[in-house]
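**Q** Once you've had a glance at the structure underneath, I'll fire off some questions.
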Amino acid sequence: MGLFARWKSRLKPGAVGADCVLLWLLWLSVEQQAAKGSQINALFGVTYNSTVNAENETIYAFNHTVSRNQTDGVRVWVNLQSENPKSPVLVVVRQKQAVLSFQVPLILRGYQRKYQYTQVGRTLCQPPTHGMSENQLFYVDVSTLSIFGISYQLRVSHVESFTLLTNTKFSFTATPSQPQYFKYVFPDGVDTVIVKVNSQITFPCSVMSIQDIQCPVYDLDNNVAFIGMYQTMTTTAAITVQRKDFPSNSFYVIVVVKTEDEACGGPLKFYPLLPGYPEVYIFGMLFCFGIFLSFYVLTVTARSSECAGRSRQESLSSVEEDDYDTLADIDSDKNIVRTKKFLCVSDLARKDKRVLSKKYQIYFWNIATIAVFYALPVIQLVITYQTVVNVTGNQDICYYNFLCAHPLGPISSFNNILSNLGYILLGLLFLLIVLCREIIHKRALFRNDLAALECGIPKHFGLYYAMGTALMMEGILSACYHVCPNYTNFQFDTSFMYMIAGLCMLKLYQKRHPDINASAYTAYACLAGVIFFSVLGVVFGKGNTAFWIVFSVIHILATLLLSTQLYYMGRWRLDSGVLRRMVYIIYTDSIRQCSGPMYIDRMVLLVMGNIVNWSLAAYGLIERPNDFASYLLAIGICNLLLYFAFYIIMKLRSGERIKCFALVCILFTAVIWGFALFFFFQGLSTWQKTPAESREHNRECILLSFFDDHDIWHFLSSIAMFGSFLVLLTMDDDLDAVQRDKIYVF
């Protein structure tokens, strides 16, 4: 009709004859169409056996009386008798104010397969009546595009007990392709009812739904959850319904049987991969395992001679946490020692090594406990997300790179999960390397080796174990995030990144400050505060000026407090007189005596750190970036890089050198980080925008037709983090033969 109007509006004067031609052609087409089909005045309760093909369709006309005071349900049942038809049979029910259509076989989607049903039964939605009673005519059209005849059975019947009665039970049968629904009208004086449905068998899984009286009625497994209230059920379901929620004082009760029982706790059938499954999956998995297992081969080759055996380890069972500061000589002179102008490692490595080993092992056990309690609910949540995506088919829930998303079973983007394997394998490899080093060190201590007892940076391995565990957990949680990447679970991908950045800074500080490094409880409490602010920023930080003001003030105050703590080596008090003492020191040292800071090196680092952090705080307050989690991570990384650069510079300035292996690791890691960041900033999707806008950033696979840019970021960043850990582990190996009273603290 619209096309005809537009065509007619372009006609020139004198072209009216074309209208007549078009009308005649349309009339001829209608007549020919009518000649192709046949109409039957059909009766209720009669089963019609017939055959339909592309050249002949059948129209069944039904007439029945509808009363305003009584609702009679009408049900259409179709059974396909031909086996494996090339084309489905289309059934269209045309009513006065509603249309219902379905195909036979009816195809319903499960998790890993589709189900076909050759018997379909549907209840018709009843249109309202204007008079006390009226005759209503409706038609059932049966057609197909198959050139071969398809045999079928059709029956239209009235539904017994279509209107439910209070406190009256009745039985019925339903299947996935033959759902049932009934009507309930609130009696006078009744405002609340409980609708109960019972099944004699636990499975199949079913759904009971309460919907308003309107057409269409959503009574299939793939749409029953669209409107109204619903519950899944095995043997029992009950929904409380109130009159005030339904203006018509009535509602439909729908019972739908699901195609699979997984939603009700039943087993999910597994269908193995087809024999011709794409080889790209196999190549992708072999590539991923091969590239990271090669690091194991290189490590075993390089260190096989160093870890030939394991020595008897010294027991720490008699050392308690309360023993940390029980040495009287340390209590008496630590103020003198820590305020010396030039400190050596021996000044800050005076505590019993057993006490410190016990203290730093707590880092590992705490992060292992945190990992378990954090990861388990995360895994449960993302599985729920993936299930919702599979059940509803809503592709806007998860922000994938849809141009390179390779599904595997119920997982929508397997390649983004597989590429996180490097974090896990390389984290485990780092733990094995640390274990090997610890074994060698304990063997030296057992032999009373003078170099192990009095030379080099004190060997404490607890933080290294915590770093390796954090790297493994980053891989697990990043994989969980990529099951369904979106706004609400982005913190899963960043939480252990904060942990890694914090642990690396603590390890750098611990190298030359073993006696005064933060305890595990304090460190993890601070990291928990960081994650807490990360969650607040993701939820409330977008465009919220008040939040950014509060966060910037806290950021600056924390920077000042930490700077003071580091500058005075913990020998200061935070009390009511702290401001008075600060003003006094500034006046006496800087104004009255014009003397510079006592600890020049520390002051340089802290001034640079304050400039960087104040700049980041100002940037956040002015720009208010939408991705607060990444902004917070950038703060941690900038401080880590600043401290690392300061450490390297001071190490070289103190006359120390960097061994060849550590230097190669530094250069190799820097190059890998550069390439990794290039792929990270490609931005293949972003949950900061709508799903439609995010898909504008999607790109094709670039590696093995299986991995995208973000997968390569996972590969390279896991290698870069592993390399960074090796740098921290080996950068002071040149000091293993140097007395600790000749190693400077900075």
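Glycine too: its Cβ is placed from the backbone N, Cα and C atoms.
Per TrEMBL, the features are:
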{"type": "SIGNAL", "residues": "1-37", "note": "signal peptide"}
{"type": "TRANSMEM", "residues": "280-302", "note": "transmembrane segment"}
{"type": "TRANSMEM", "residues": "363-383", "note": "transmembrane segment"}
{"type": "TRANSMEM", "residues": "421-440", "note": "transmembrane segment"}
{"type": "TRANSMEM", "residues": "461-484", "note": "transmembrane segment"}
{"type": "TRANSMEM", "residues": "521-540", "note": "transmembrane segment"}
{"type": "TRANSMEM", "residues": "546-568", "note": "transmembrane segment"}
{"type": "TRANSMEM", "residues": "628-649", "note": "transmembrane segment"}
{"type": "TRANSMEM", "residues": "661-681", "note": "transmembrane segment"}
{"type": "TRANSMEM", "residues": "712-731", "note": "transmembrane segment"}
**Q** Check the transmembrane segment (280-302) against each of 363-383, 421-440, 461-484, 521-540, 712-731 and return whichever range has the most CB pairs under 8 Å.
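**A** Comparing 363-383, 421-440, 461-484, 521-540, 712-731 against the transmembrane segment (280-302), the winner is 421-440.
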**Q** With pairs 6 or more apart in sequence, are the transmembrane segment (521-540) and the transmembrane segment (628-649) linked by at least 3 Cβ pairs under 8 Å?
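**A** Stretch pair touches.
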**Q** Are there residues at least six beyond either end of the transmembrane segment (712-731) with Cβ under 8 Å to its Cβ atoms? List them, or say none.
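**A** For the transmembrane segment (712-731), the sequence-distant neighbours (Cβ-Cβ under 8 Å, at least 6 residues beyond its ends) are 288, 291-292, 295, 416, 419-420, 422-423, 426-427, 429-430, 433-434, 437, 464, 467-468, 471, 474-475, 478, 500, 504, 507-508, 648, 651, 658-659, 661-662, 665-666, 668-669, 672-673, 675-676, 679-680, 682, 702-703.
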